Amino acid sequence: MSSAPRRPASGADSLHTPEPESLSPGTPGFPEQEEEDELRTLGVERFEEILQEAGSRGGEEPGRSYGEEDFEYHRQSSHHIHHPLSTHLPPDARRRKTPQGPGRKPRRRPGASPTGETPTIEEGEEDEDEVGEAEGFRAPPQQPSPASSPSAVQFFLQEDEGTDRKAERTSPSPPTQTPHQEAAPRASKGAQTGTLVEEMVAVASGTAGGDDGGAAGRPLTKAQPGHRSYNLQERRRIGSMTGVEQALLPRVPTDESEAQTLATADLDLMKSHRFEDVPGVRRHLVRKNAKGSTQAAREGREPGPTPRARPRAPHKPHEVFVELNELQLDKNQEPQWRETARWIKFEEDVEEETERWGKPHVASLSFRSLLELRRTLAHGAVLLDLDQQTLPGVAHQVVEQMVISDQIKAEDRANVLRALLLKHSHPSDEKEFSFPRNISAGSLGSLLGHHHAQGTESDPHVTEPLIGGVPETRLEVDRERELPPPAPPAGITRSKSKHELKLLEKIPENAEATVVLVGCVEFLSRPTMAFVRLREAVELDAVLEVPVPVRFLFLLLGPSSANMDYHEIGRSISTLMSDKQFHEAAYLADERDDLLTAINAFLDCSVVLPPSEVQGEELLRSVAHFQRQMLKKREEQGRLLPPGAGLEPKSAQDKALLQMVEVAGAAEDDPLRRTGRPFGGLIRDVRRRYPHYLSDFRDALDPQCLAAVIFIYFAALSPAITFGGLLGEKTQDLIGVSELIMSTALQGVIFCLLGAQPLLVIGFSGPLLVFEEAFFSFCKSNQLEYLVGRVWIGFWLVLLALLMVALEGSFLVRFVSRFTQEIFAFLISLIFIYETFYKLIKIFQEHPLHGCSVSNDSEADSSSNNMTWAATTLAPDNSSASGQERPRGQPNTALLSLVLMAGTFFIAFFLRKFKNSRFFPGRIRRVIGDFGVPIAILIMVLVDYSIEDTYTQKLSVPSGFSVTAPDKRGWVINPLGEKTPFPVWMMVASLLPAVLVFILIFMETQITTLIISKKERMLQKGSGFHLDLLLIVAMGGICALFGLPWLAAATVRSVTHANALTVMSKAVAPGDKPKIQEVKEQRVTGLLVALLVGLSMVIGDLLRQIPLAVLFGIFLYMGVTSLNGIQFYERLHLLLMPPKHHPDVTYVKKVRTMRMHLFTALQLLCLALLWAVMSTAASLAFPFILILTVPLRMVVLTRIFTEREMKCLDANEAEPVFDECEGVDEYNEMPMPV
């Protein structure tokens, strides 16, 4: 026999009787890595494969040389008095052992390096040890002793082994032949344990839980193996957890067979090495070893992950919902987790007195709490990608990690676990009268008690009463893989409450929750913390206020004596998790340092306020500005991240290429880009928009479109009636309500069927009304036929439109800046306001006020006047009909007209303000505000109808589809003249007014299209500037043949139409602005609105009841509301305001006050010039004067003001308005006339 000693390879080897010290040369060598991957998931099925293989493996390598390390290891392992591990185990915790097979190939230990430094454990070498230990189970066993009893020693299992191990216990094992094993004498020290070895082998013949375990003929080869496959993480246990007297399931540092050959000191050393985790003293580093893959390639196998390897957890960041729970006492003085705050984007706190949610606000944190949080994260437990599916499983792992990291004592494990599993309550629970949402830990345990794997009895659960003074009680948490989730009994399910549904609407669909648990407990001597990121987000029952899957958990417990504010630290981590950059870093973190780096980045962009008393909110204005600068700096730093963190190009070549691609994409999407070919822009519009033609009708199948039809109908009908009545007054009923309604209907239908942007609403506007009045005055003063002149203007309009579209002249709209738009809008608003009071003064002149008199003559005159009024009001046609003189000098007419005008204005204006108020729910406010003008008209008509003895002038509307004045005109206008031949020179000279009309239509239509097509509105189907302009102008030219008015894109009505079809996202965090989800870009709503406006001719009897004074009130309303959003109007206010009261806006902060006032004075001068032109006989040329402001701004103003000042004073800062801000609506979005 060879004298070379041999160290025991595994516990399976040492369970045998002494064997020969030398092996035959013919024994095949042990392949080191052949079964490495499979043995990582070593289970019952795998053992059956191994045990059924023929032949034995092992043997020493030929020529194996032994060094001093091997001799020292042999001396330490076999030349001492050893006590079998079974002496430390309770009688009921024994289990059958597996005999030893032939020796395996000796291998050099990865011992200390020659330099004396701590060696590094190679994972491949760890795996080879495990493979070698498993090979020992293939040895021929010894016959068992029938006198032994079955044992129940269990070992720590991986989660995947639980099911396999249970299946082994419940299935019988087929018998196999027991080959003969040769025995050999051993050394004297080894002989002392011979009896114990035989006893252990005899004990190993039993089965775990079977009655026939002691049968003499029971083969040993099917015994439950004592070996298990483990990973390095499962060694992380302290030595106190391995004491058999303190654990229900004994924990041993190694296999029993190997343990019996080791002394007590060796076992203690092994326990300390494998289980304890002493802070500051770490064991060998574990690094990846490529030996396994190279060995697999050498043997012809495909290298790949082992079956035990799990895929990397998905780290894609999601939206976040954070809930802060604090440990508090309920009304029964029982501890519970009480929700005190939540974060969707901003912080919402629960008011203590009223138990309701406060207003969302930006969280303000103390600097010390952030530093304390960073310190606790640096020293606390951090568990990333924890693979648990239930709260008890998570709590168990957290508590074990706290014990391992020496944050809590072992005896505090039960108390901390009990605290983690306390009941969770929320402010909304008390408002619900259905089944309680929270299930206590005890009731949950009673529900789960009927679903144990054994079916009869179960191990202790965390839900059973925990006695803090009994440290030997082991707490078992059922793993989800071992137990199916218990089905809830009938009656425990409930529907979501209104509060939950409302809150879920504000949370994004893919959001994942963060649960923050903080509180004071007196059984701890120092604070303990744990930060957990689950491998997959799971819904934890009765934890959150709403059913949102949980991905992160943060726990902070400690005594009240600690110098630490747990509430503020909880708010700090909650605010950090609600921060976009930090929670993205938390998703992508691989270790603790990544979290600490993210906290430092958060601190770099935080604002610290000095501890000084703030007397007013205006002192904090600079904070918001400073914060915006910090955020801008943070975004710029984010662009400089290394590759992989973003897609930002780094090289100059990549940046240039990206810039070229962006420019090319922007140019391709720009509808105003010139192609250089005749009608090139028109062709591009058709190719861009018409492919979506069928979808324009399919997208209208939505209830929101039906609501928009009703709303836009009244929004379009009210201006048609108002402008129609005023146009009839200006043109002596040559063009009135009926013509305007018919023109709106016909042109609206055609445009919705053929237009490129069907969201535009075609209608009459104030600038066109001003031009119609000026042209009518011009024709009347020159004895020309007004309607015939309009026909020739229409002819020239068509030619001008064709020429403009052929030359792709729509790009000229870019040169119409805010400077010109505001002058134009301000002029039209002044005209509206002026005309309103001018008409009212005229009524007072026609119907003067009378003093009180008691004379009979006065009474007689009054009676005659009343009789005259009565005959007038009772006549079939109203007083304004053609062929009748309006009555004059009627009593109380002027006062009633004033009341009707003022009442209409104030009701419409108040309802507009009411839309953005805080009364009633938002939906009701929006309905009332959107229908403010029709409601005001209806109320004032009822007031006028109820006053029967006072005359008021009514709207002139014919019966049926007839022109307003049938005795003056018909439906078709003769271009050569109706009553007298039209002069030829005027046919040619009509080109000049045609140019002026074209300027007005061009500006209104193209600027409105620009506003609708802003990128903030997220339109997908595109617009068509050239096609829309050609359609609108061509339809106006054709309609002039029928005596119908010209129309243009109405700015306010178009923006209102687009807003009505905009779908806002419901998942809006409290305090955040809503975002556009989609826009229903379709043609049906505009088509139906146009048809309904045309059918409004059938309600002529109702329209004839509308007093003109009511229309004057609407006129005043449009003039006043049009001033909102005009920066010129706001800067006029600043002329009378001290600089210290100026608002905090760009053109005030970036431009000196005198320079700003100079710019305002220049705009005021241009406005005065336009007003002077309007007041003279040359009023027809006001569009030409208006267009001259464009070169004035481009040539003159650029010489007076710097480029920076012009950008501040003439920038278009208006953004689409979708949310409900007080005093803000569609009128604030555009500096264009109504």
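Each residue, glycine too, has its Cβ placed from N, Cα and C.
Listed in Swiss-Prot for this protein:
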COMPBIAS  120-133  compositional bias 'Acidic residues'
TRANSMEM  705-728  transmembrane segment
REGION    705-1234  region 'Membrane (anion exchange)'
TRANSMEM  734-771  transmembrane segment
TRANSMEM  791-813  transmembrane segment
TRANSMEM  823-843  transmembrane segment
CARBOHYD  ASN856  N-linked glycosylation site
CARBOHYD  ASN866  N-linked glycosylation site
CARBOHYD  ASN878  N-linked glycosylation site
TRANSMEM  894-911  transmembrane segment
TRANSMEM  927-947  transmembrane segment
TRANSMEM  981-1003  transmembrane segment
TRANSMEM  1029-1050  transmembrane segment
TRANSMEM  1084-1129  transmembrane segment
TRANSMEM  1156-1192  transmembrane segment
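Ranking 823-843, 981-1003, 1029-1050, 1084-1129 by CB pairs under 8 A with the transmembrane segment (927-947) puts 1084-1129 at the top. Among residues of the same chain six or more beyond the transmembrane segment (894-911), those with a C-beta under 8 A of the stretch's C-beta atoms are 836, 840, 843-844, 847-849, 928-929, 931-933, 935-937, 939-940, 943-944, 947, 950, 952-953, 1107-1110, 1112-1114, 1116-1117, 1120-1121. Outside the transmembrane segment (791-813), and at least 6 residues removed from its termini, the chain residues within Cβ reach (under 8 Å) are 672-675, 678-682, 775, 973, 975, 982, 986-987, 990-991, 993-995, 997-998, 1001-1003, 1006-1007, 1010, 1025-1026, 1029-1030, 1033-1034, 1036-1041, 1046. The listed stretches are 734-771, 981-1003, 1084-1129, 1156-1192; of these, 1084-1129 has the most Cβ pairs under 8 Å to the transmembrane segment (823-843). Residues belonging to the region 'Membrane (anion exchange)' (705-1234) score a mean pLDDT of 84 in the model. Against the transmembrane segment (734-771), stretch 1084-1129 shows more Cβ pairs under 8 Å than any other of 981-1003, 1084-1129, 1156-1192. Long-range contacts of the transmembrane segment (981-1003) within the same chain: residues 767-768, 771, 775, 784-785, 788-789, 792-797, 800-801, 804, 813, 816, 824, 975, 1029, 1032-1033, 1036, 1046, 1048, 1180-1184, 1186-1187, each at least 6 residues beyond the stretch ends and with a Cβ under 8 Å from a Cβ of the stretch.
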